[in-house]
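Participant: For B:8-195, the entry in TrEMBL reads domain 'Glutamine amidotransferase'. Residues annotated as active site, nucleophile in TrEMBL: B:79. Marked as active site by TrEMBL: B:178, B:180.
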């Protein structure tokens, strides 16, 4: 059986992981390669590295980091952050990244998705969408790390992204992100059951029950989380054992 | 011993190089599309991600469509590489290399997502390519087309229906999954190819 995927996300700035990471067993938890390898060894199915370095001169640092990750880590990984051209994507894929993730740049210039898909194939293009449910009950797309609201509905943008060639959707609910109260089941389910590509649910995972929920009730193909893994509130091995016990197919 | 990775317009060869490095093969690995160099290599790896028609067009342009099926050294096709080793692919209605008689078909499903992306299992494992690889091991796949089960099948995976996740004939091996991305299981399979085959 094709299994549900568990994906830790690492934020990278200037080649280092950001956010305090609490790992006594690691020599250097700020080293993305060491932390990524630790997760891979624990049974993570994939990794996402989001680069939040803004400046152009730091792009070289990212390329070098991607090459180091690819050399040492034996599972697939996605790199996102600041990709706005085929050239940006190529630099990362040539250095060994398996997929690129695009967000605001794709919203501002949707052809970016088709350009990347034509150049590298849809399997290399993950469309990341930050979305928030407003008082009117609708989910809207937000840009620039959630600072800029748009008038476009999440479902509409996701569908257009898939038509343009996105191979997966990484869906982050801003209402849920950081709350540890569970994933956004309604919007995840809506996308997962209407779109032909895998949906990676992100934002709100705090307990094992939340992961069971998002797989069983919202039909997510994968679930992504950051701090609960970084602070060892949930261990990936134990999480997968409990998912399996709940009847969810996972790789163990 | 020298190993050649066939360079063509399909895919991420860097990951294959790194994976070989992780299992201890760091020397004498060449990336090339030169027919003579490929012919004289001790082992040939034929990776690939992309579209069957454009990949075959490139191979033809380099004369590799004639050369590859005549090779006699251990040969490993990966993902699109394996599909190109079959007789025909539905993707772009493409005549392929014909090393394996199996045909490559497109997945069709009302309910399951296409392409298949993620981790699935391999069963009915045959040949030393799978030494020390347990039945039901998980491997990483990304593909919208598959080779049907046939006489050359040496591993099966089930998605929508059972299909060939590995094929073998004489010196030729092909795997649908990505051993370079399939954690310790994938590394074992690459190690086996480099040492047992």
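Backbone N, Cα and C define each Cβ position, glycine as well.
Keep in mind it's a predicted model, so treat the numbers as computed, not measured.
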Participant: Tell me, by DSSP, whether residue B:180 (active site) is helix, strand or coil?
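Facilitator: Reduced to three states, the DSSP call for residue B:180 (active site) is helix.
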Participant: For residue B:79 (active site, nucleophile), what is the secondary structure state per DSSP, taken as helix, strand or coil?
Facilitator: coil
Participant: Please name the residue among the active-site residues B:79, B:178, B:180 whose C-beta has the most neighbouring C-beta atoms within 10 angstroms.
Facilitator: B:180
Participant: What whole-number Å value do you get for the CA-CA distance of residue B:178 (active site) and the residue listed as 'active site, nucleophile'?
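Facilitator: About 7 Å separates the two Cα atoms.
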Participant: Which whole-number value in Å describes the distance between the Cα atoms of residue B:180 (active site) and the residue listed as 'active site, nucleophile'?
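Facilitator: Each residue's Cα considered, residue B:180 (active site) and the residue listed as 'active site, nucleophile' end up 11 Å apart.
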